[in-house]
Amino acid sequence: MKAGSGDQGSPPCFLRFPRPVRVVSGGEAELKCVVLGEPPPIVVWEKGGQQLAASERLSFPVDGAEHGLLLSGALPTDAGVYVCRARNAAGEAYAAAAVTVLEPQASEPDPQPAERPLPPPGAGEGAPVFLAGPRSQWVLRGEQVVLTCQVGGLPAPELYWEKDGMALDEVWDSGHFVLEPGHAEGGPGASLALRILAARLPDSGVYVCHARNAHGHAQAGALLQVHQPPESPPEDPDEAPKPVVEPLKCAPKTFWVNEGKHAKFRCYVMGKPEPEIEWHWEGRPLLSDRRRLMYRDRDGGFVLKVLYCQAKDRGLYVCAARNSAGQTLSAVQLHVKEPRLRFTRPLQDVEGREHGIAVLECKVPNSRIPTAWFREDQRLLPCRKYEQIEEGAVRRLIIHRLKADDDGVYLCEMRGRVRTVANVTVKGPILKRLPRKLDVLEGENAVLLVETQEAGVEGRWSRDGEDLPTICQSSSGHMHALVLPGVTREDAGEVTFSLGNSRTTTLLRVKCVKHSPPGPPMLAEMFKGQKNTVLLTWKPPEPVPETPFIYRLERQEVGSEDWIQCFSIEKAGAVEVPGDCVPSEGDYRFRICTVSEHGRSSHVVFHGAAHLVPTARLVAGLEDVQVYDGEDAVFSLDLSTIIQGTWFLNGEELKSNEPEGQVEPGALRYRIEQKGPQHRLLLQAVRHQHSGALVGFSCPGVQDSAALTIQESPVHILSPQGKESLTFTTSERVMLTCELSRVDFPACWYKDGQEVEESESLLVKMDGRKHRLILPAAKVQDSGEFECRTEGVSAFFSVTVRDPPVHILDPQEHVFVHAITSECVMLSCEVDREDAPVCWYKDGQEVEESDFVVLEKEGPHHRLVLPAAQPPDGGEFQFVAGDERAYFTVTITDVSSWIVYPSGKVYVAAVRLERVVLTCELCRPWAEVRWTKDGDEVVESPALLLQKEDTIRRLVLPAVQLEDSGEYLCEIDDESASFTVTVTAPPERIVHPAARSLDLQFGVPGRVELRCEVAPAGSQVRWYKDGLEVEVSDSLQLGAEGPARTLTLPHAQPEDAGEYVCETRDEAVTFNVSLAEPPVQFLAPEAAPAPLRVAPGEPVMLSCELSRASALVFWSHNGRPVQEGEGLELHAEGPRRTLCIRAADLAHAGLYTCRATPRIAPGAPSLSFTVQVAEPPVRVVAPEAAQTRVRSTPGGDLELAVRLSGPGAPVRWYKDGERLASQGRVQLEQAGARQVLRVRGARSWDAGEYLCDTPQDSRIFLVSVEEPPLAKLVSELTPLTVHEGDDATFRCEVSPPDADVTWLRNGAVVTPGPQLEMAQNGSSRTLTVRCCQLDDAGTVTARAGGTATSARLHVRETELLFLRRLQDVRAEEGQDVCLEVETGRVGAAGVVRWVRGGEPLPHDSRVSVAQDGHIYRLFIHGVVLADQGTYGCESHHDRTLARLSVRPRQLRVLRPLEDVTITEGGSATFQLELSQEGVTGEWARGGVRLQPGPKCHMHAESHTHRLVLSGLGLADSGCISFTADSLRCAARLTVREAPVTIVRGPQDLEVTEGDTATLECELSQALADVTWEKDGRPLTPSPRLRLQALGTRRLLQLRRCDPLDAGTYSCAVGTARARPARLTVRGGYRAPPGLGTAVGAGAADRTCGGQIPVPPGSREECGRERAPPPPHAPGSAPERVVSVLSELRAVSAREGDGATFECTVSEVETTGSWELGGRPLRPGGRVRIRQEGKKHVLVLSELRPEDAGEVRFQAGPAQSVAQLEVEALPLQMCRRPPREKTVLVGRKAVLEVTVSRSGGHVCWLREGVELCPGDKYELRSHGPTHSLVIHDVRPEDQGTYCCQAGQDSAHTRLLVEGS
């Protein structure tokens, strides 16, 4: 089964670029290019940024991958740059070329000077030509440098050198260099060598050699780089000391830069000799790299530019300059300002191989923050090249198909231009690439440098696809330079350096130097001299321009706005402008300007105007006109200027003031026209009588005439007017018609120039003016050009007769054919007509039949056959039938290419114990392959199967292990297919309990055990209690046995209750443990206390003591629960519970009960207290004052009232000392605690002192009876302004104080209520309006007697502000969404408005709004993608916005896959249910996609997907997964081995003493181990006892049988046991003493405790020395000497792999022993030992580094030794500590990691400092697990801890809580 990797296509790529074209005006220009891509790209042509369209002069021919632009009749306006742009789904590419249009030469064509080849030296005079240019060099300081060049040319050119654009004597002293002139070799010319005696660092630069003679100028350049030699003591004592950065004498300058911005430091140094410059950072020398650029600018300053500054770039930067005269320093302190919002995890530098991938990853603080990726300053958009992934807060950029130009600086930027920066290094043939772009001023030197990995290789420099001249290229070692001296605009373009398949490109941009235009002319004056002329004078501009210039003179007719150029003048002075220079008579003004190559000056206008009249001359005169009767006659002439004239006909003047007229009424009509200097006379419909007329024209200075001749009207053709093109189909009727101007005028028909003859197939007819040619049934051969010819005129018909269109029925699509060498390839097509003409084409050329190509036709079927295809036979084939084509792409693979699939590297990811299949397809079924893993050939075993099926080769890992990860190669000859297998550990699951949360209850004290079962059994777990990891102690124990994990509390206490969590790497289960305690008892008081009597106001304390301090109690008073507060306090101190009454009153009296439970439960212990409170004395509560004045009106009722503290108290009333009784007008009333004295009809004598007396209190009323004074208001109301919801209180004063006041609001009497409250206090009266609303505004009035006062109430609307604003919401399609805000107050309905995108919400049944007090909600039910947008909530005063993001409905698993375990040969069904219907997914086993077949059935119905696998074997065990989009669900398929049974057991056997006995049994399976027993004791092999396995047969062979060998033998396999067999040994031959050994005893004697049998002859045997073997008895046969036939071979393997050792000895029945490193080896575990005849095999699996050593095999005296080497894998972390861990102060913190192997060394660090074991830190190691224990954690221990294991590391942030 193939594992496809997907075809992403390829972007367009130009194989051939268009080349620049120079064409003469009117000629034809053609641009061609070849571009490929998959899918084929769309190609368009552009000019000036506009796409070009086909026209009469412009066409775009296409031939396969070749695209062209054909320009006919080139015009000067066609010159420019044409761009060919190719685009497909994978990307875009473009190429450009220039078209130059030249003006044609006026004389005989001579070769243009630019096109004339330069004469070779000695062939004649010519411009300089460089025969050999200088070569770029890289030297060490102090070395001598020689730059040479040879130049040809005649006369001999003058040579001179420049450095960086400056003459050498301006840069150096004369003693530093020597110029050595010479002569060119082989002809005229010269040479000049520049010798630099001792190179210095400032000598680095570009050196240009100039050559100049009378015919031209040439130049060539080279680069010189001088490097500092390696550190060594100076040999020359006079040499200047090495620059040292000395301490600064003053504080450096400070420079601040925002993070991510560039910092630029510029140091300008002067000195002679030129100083050497070094840059330092923090005292260390700086070297130029990707982010630190060092260069020298155009002004001579030294520049250090730090790109994309980071925090690590801060520090002191020093520029150190020195020469032989001294040294100086300049420094600046760089500070990098970090943004407040930072990346949580910044980018890290990465490396990648060319054509590979690179992954950049960072993490933003919030997943909703948008980011953008940049490569330096270029924004990167998502595409196949740059894959951009967002996973939560993680941002990832994957760069595919790396190339050299991908090397550089990459940035990830979030809002606020916050950036993180990383370098991407691309490893390949090119180490140092070209810059992305290079800007050079015109005339400067351009230098491009490339460094390659290998020295001495030859690269290719090109510009826009064209190779650059070798004269400007240099190479030295690893360095390659391109020097372009004095660049011009033509040098701009895309410069590429190619080395094999690797290339790097830069865009060379040449910027023009800005020059100032020349100044205007001076002293311009106009002189009017002779008639019809004007004299203009001027002087040159000041200053005079350095470049050549001319003067441009322009004129303007007065009254017009246009200036028109007259002519150009090279020299200043004077010019005379005659009247002939103007087109028409008029007044003219003049102006002049200066023009040079740098522009033009401003215009200078000559003062005044001149009247000029042009002089007319005859340019083209009148000519005689001859026309036919009835036609128009036209007479015309051209003058040299525009002037009026007069026409004459037969001497009569024609009126020119009318456009049309006639000579006389009813006579000849005419029309006069004038267009500029052209004059025309049109005589309309002339007749015979007008023949001979004379036409004349007259104007000042010109007179001309011509004659008119009339001919008889000939015959002419009325129709057709032009040539007609007609197309017909065969058998159609064709009729050609020609209509003449005369009736029955003869005409003849011609076809292709030959007169036609009438026949049945061609008829000629004439009908009046019409002549017809008829073809009744047209044929293809009737096509041609037909002509109807009469006197001097003809009508032409182009007739095309075609067969009916041909259609290709099959194939309808592009056909791709793949074949290998010598195979027969057949291309077949079917058309709809058998007789249709067809053609075959290959790569654009028509195919001709030959021995290698056979063309066949069978009815409508056409075939092209390649009998024995070869690779050159491949290509693009076309089958052409009419206008239709069928395309075939044939690819012939050479036999040398054995591997058909895969074509590239395959990556396989699997989970441990999955089944992994690696498939390789070959082109030949008999080809043999070799499989290797990490360079070592694999060995087939049950854990690794090699399969072969036709052309398919498979490597199967039935149950892949972690150590199976690596690179697998399928090799054949020199080819290989690569598979990278990555195996990860399976998820660690908790299989029991099934529930993820359990509630458990235990008694206290008691034993508590929490138990989990995990899978796999080796999974590690962590236990947590209430969120903190538990620590093992005497009171808490952790256990692990097989898959079981336990937490035990031997003596649980109540504080041990809580939430316990057992957590694996992937799952967790929670135990909520509650502990029940013994019942609570009251310890004190032991009996119910006596009643407690207290006086009112005294404190009361009720107290009891419980048996448990943590017990809860419940207090009640008279059966009702006691609530703390209102004078009651409840206290708990340890086991004591107290109820306190601060001040007792009657309400506190009663029965108090304390129960030891929060609920009233039967049998719950309780304790009761009785509290008695004495009655309080009765006192007067109101009025409070001892004396109160009361005024009463005569005749009115007098009422005196008091309120007592309690009812029922005796009260006595007195007046002026006399006691009053209830009689007459005096009435005494009592209503509860209220006592009233009422006197009806008060009189003046009722005034006096009244006393209300009680036993403990009294009150006095002073009563006066008099007329009341008039009521009046003594103060005004004040206007109030309040906010909505506030209270408004109006206040006024009234006199007398008891006067009645009436309140009104808006004229209506106020009625007291909840919102309106009226109150009085003495003379003060108030009206309060509660919770004012907007409609409460109005006028409030108070009236008392005849007075009134009013005030205005204003209610301001309270700002409705949002306290809780909208939050962004991300929802999934179909979910319900609620947007919610909270306001500061409750607003009225409609005061809050919901909007979307600034517009009110549209009506939608899914959208609803609701208000709940301050909360306003917007509900959207079942959101769809269209609901996405910005929503807002608005009030009159506030607004809040939020973004609703709707993501497509996520695919979820409703019912996941479940693990299936079956027996070998059975069927397994996997089923899962998804949340969506119609989902297309893929089933896979072991990471390999499954295809439907006889044993694999896939079914999908609605939400359910089902997979049924049948006929399963053991190798089918593995992981079954279902993948759809981003969803993956997996389950485990376990195929258990069918139980092994014994098909046929051993049979009873009888042998003679000394013979060999063979017992045999047969099993149901071949791979099973059998145990043989004799009389119940297990047997082991010995020299006389041999155990063999032959397929399913198991043999026991016993040689030289002895009577002691007789007995019962049985065999067992697993739980199956065969029927015992009886061996009987008859008497006969008896072995001599000492030779025979009974079976069983001998075997038992040579074993040690059931371990591997110790071979005879071993040094140790169960810890004792082995006795020497007895000598041979006389006459006995000596044993055969054993020798080694095939020695052991050394094995080198990687950790985790297996190793196999084989040794062949000379004897079959020989027992051997194996040792590793001096230790005997026994079968079992990782050791397998087997014997196959003479071959002995040792297989070691899962190798470890400590297994390395000497492997020894010994059989008797023979032995063989080999070495085993085990390469240790790099140490990796399998399990990491949490990223963040919280520990309480004083507790112990444990950080734990698990590495990939035991014995690996790890290092623990805190904040980068390595930790050492001690009292504070304890370092533990147990197998692969390593722990760091921090004792007695303190706040200062908080920080970041790191564990390093090899190249891997893990970080944990330790947080300390508490104080």
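Cβ from N, Cα, C; glycine included.
The shown structure was predicted, so the numbers you read here are calculated from the model rather than taken from an experiment.
Listed ranges 105-127, 220-242, 657-679; the one TrEMBL annotates as region 'Disordered' is 105-127.
Pairs of Cβ atoms less than 8 Å apart link the domain 'Ig-like' (339-425) most often to 241-330, out of 241-330, 902-982, 987-1074, 1176-1252, 1678-1859. At the 8 Å Cβ threshold, with sequence separation of at least 6, the domain 'Ig-like' (902-982) lacks contact with the domain 'Ig-like' (1358-1445), having fewer than 3 such pairs. Look at the domain 'Ig-like' (987-1074): DSSP puts its residues at 3 helix, 56 strand, 29 coil.
Counting residue by residue with DSSP, the domain 'Ig-like' (1176-1252) contains 3 helix, 40 strand, 34 coil. Comparing 1268-1354, 1358-1445, 1539-1624, 1678-1859 for CB pairs under 8 angstroms to the domain 'Ig-like' (987-1074), the maximum falls on 1678-1859. Remark: secondary structure over the domain 'Ig-like' (128-225) totals 10 helix, 60 strand, 28 coil, with classes taken from DSSP. According to DSSP, the secondary structure content of the domain 'Ig-like' (339-425) in residues is 6 helix, 46 strand, 35 coil.
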